[in-house]
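Note sheet for the following structure.
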Amino acid sequence: MAQVSQDGRTWLLTGPASSYAVHVTDRDELVHLHWGPRIALADAEALARRPLPDDWPFESRLDGREEYPVEGGPRFTRPALSVRAGARRGTEWVFDGHEADDGTLRLRFRDGALTVTLHYRMRGDVIERWVTLHNGGPAVELLRADSATWTLPDREQWRLSQLHGRWAAESRLTRSPLTYGEKVIGSRRGHTGHQHLPWVALDTDATEEHGEVYGCALGWSGSWRICVAQLPDARVQITGGSGHDDSGLLMLDTDETHVTPVFAGLWSDGGFGGASRAWHAYQRTYVVPGADRDRPVLFNSWEATGFDIAQEQQRELAERAAAMGVELFVVDDGWFGARTSDRAGLGDWTPNPDRFPGGLKPLADHVHALGMQFGIWVEPEMVNPDSDLYRAHPDWVQFQPGRRRTEFRNQLVLNLARDDVREYLWEQLHGLLSAAPVDYVKWDFNRCFTDAGWPGDPYPQRLWTDHVHGLYGLLDRLRAAHPHVAFESCSGGGGRIDLGILSRTDQVWTSDNTDPLDRLAVQHGFSQIHPARVMAAWVTDSPNTMLNGRVSSLRFRFVSAMAGVLGVGGDLTRWTGEELAEAREWVALYKEIRPVVQRGDLYRLRPPEGGLSAVQYVLGDETVVLACLQAQHHGEPVPALRLRGLDPTASYECRESDEVHRGAVLLHHGLPTGLRGDLDAAVFRLRRL
Ligand code: GLA
């Protein structure tokens, strides 16, 4: 809800626990007033009456206080908006009014023919912010247009949390003190990237369950940048948006409008855990489509059969998967065109006639007859030079005239900014989903942009942005035409995970690293922002074939993967009868706890670094604890797990031990786990009596 002061120059947004306030001065400067616990409009008005400091030649009175710092005039911070019109750069706006009718607050400013509108929408305590730019005059160049700048309150020493990584090692959490200057994270790769999730959190003294945490997360699946700046007077601002630098985002023609992606912000006083739970609830309620429906247990063929796939062999895998209780069978790479290795076939989305003589339908029908859904892998934005598509349309890829075309994994990136490319992909994919009863699409993206050129286009720079809009448009169109089909976002594992892709996919592939121990750290980081409901996790073979040869028990592999959307990805033809039978029990157990895991509140009881790690989920009267012990040392007893989110006055029955525990005892003295040795793990189900 937005409230506005009598003079129409101070606004207050209110969520269940938080407030946010801004003010336009009599010089039309938009200043930030408050972001934090709930306040009243009168408090915001009192803040608005506090004078800004005086200008002087070496510092700006606006820096660190402005809601959306534009380039130009008395400002020295990194601008959120940078516009070039002919020989003139920068923006000098006048306030042009506000609207707050439909749950969104819009603040409008004008600079000549350019209208800049700041949008604010409360979703619980998450504030979604974005900006629209409308050009009523001759073409202007948008060098930078961030979605929002967030201003933190004055505090002594901020600490920055971020999720860094690389291929097979995504979303690992680090925390470091913020120092003077700028800390910039982002992607120059054309996709969200494995290197950073587009999220940061700032706190001064928070713990897992206590203290104030400010966080923000970007909804954009292309290149992006978030800059956290500690200014000379120690004030902190975070500015972020699409695009990696200020050298040209788009050309905005006469009467064109540019809409930035959403940059969402959240204040919480429940520590890192409270902030995560609020982010999770926000995504389940407002972002992820159909998040009230639980995701099925899937089998994926990639680690089992790689590129070497055939109909008979997939049928056999499907039979074993079905017997295990798997609900969705996914044929990964290798089913189409001349795709017998990563050297050929991308772009030709028709089933390989040697491998699938009757197309995919016979296998899909068999899978359905076994009682499972059927899924396929695609990588539509790419092409192998050795493909019919590339031979017919070598100009459909991104390339720079007269330059080498960089091949990564023997593939080039299609130019999705082109109408003909998007139309071709629509026809191929729509045809595919219409020809066989496909229930699920794993949509991959396996290389970064390197030669983002578009010979012949007057402003090729736009392909960075238009590629992403092209991808979003295709997904939206396919979802509308095939509403029963679920989509997974994959990019060599977790290279494309953000609020933008999550608003049009059902789950994401977290990492190509399926080692159950490494996964604990990846999942710990992932859970800082995204819910278990979208986090795919597979049980694969031991020794681990993809990465490190680590040997682990089925128990450990299952408990690690049960923390998200469970999948199985091992070569089931090589699993023994006992292994298959044990796996069947784990899958049955997962189905039982699934509603609690996928829809419950997550409490991270212990981080993975400590040797013993555990997560707890609470939904209504049900509680699930997943505990993993990396290694026991010196025969020391493994500590009991102090649970959270329980009623201290209630009693809880543990299904594993049949014991009844007092809530207060579980909260203050903990649940004994009985774990011992190396790579041990256990699941505990508790029900409130
Ligand atoms: C990427 C994905 C894998 C698999 C392969 C297939 O690496 O992350 O899961 O689908 O592509 O080529």
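Including glycine, each Cβ sits where the backbone N, Cα and C put it.
As written in TrEMBL, here are the features:
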- Asp444: active site, nucleophile (ACT_SITE)
- Asp512: active site, proton donor (ACT_SITE)
- Trp167, Asp332, Asp333, Arg409, Lys442, Trp443, Asp444, Phe445, Asn446, Cys490, Asp512: substrate binding site (BINDING)
- 29-248: domain 'Glycosyl hydrolase family 36 N-terminal' (DOMAIN)
- 613-686: domain 'Glycosyl hydrolase family 36 C-terminal' (DOMAIN)
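TrEMBL feature annotations superimposed on the structure.
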| residue | record | Cβ within 10 Å |
| --- | --- | --- |
| Trp167 | substrate binding site | 15 |
| Asp333 | substrate binding site | 23 |
| Lys442 | substrate binding site | 25 |
| Asp444 | active site, nucleophile | 23 |
| Asn446 | substrate binding site | 20 |
| Asp512 | active site, proton donor | 20 |
How many Å separate the Cα atoms of Trp167 (substrate binding site) and the residue listed as 'active site, nucleophile'?
14
Tally the residues of the domain 'Glycosyl hydrolase family 36 C-terminal' (613-686) by DSSP class, grouping H, G and I as helix, E and B as strand, and everything else as coil.
6 helix, 35 strand, 33 coil
What mean pLDDT does the predicted model reach across the domain 'Glycosyl hydrolase family 36 C-terminal' (613-686)?
97
If you pair up every Cα among Trp167, Asp332, Asp333, Arg409, Lys442, Trp443, Asp444, Phe445, Asn446, Cys490, Asp512, the residues annotated as binding substrate, what's the maximum separation in angstrom, rounded to an integer?
19
Near ligand 1, which of the recorded positions Trp167, Asp333, Asp444, Asp512 have CB less than 6 Å from any of its atoms?
Asp333, Asp444, Asp512
Determine, to the nearest whole angstrom, how far the Cα atom of Lys442 (substrate binding site) is from the Cα atom of the residue listed as 'active site, proton donor'.
13
Asn446 (substrate binding site) to Asp512 (active site, proton donor) - Cα separation in whole Å:
11
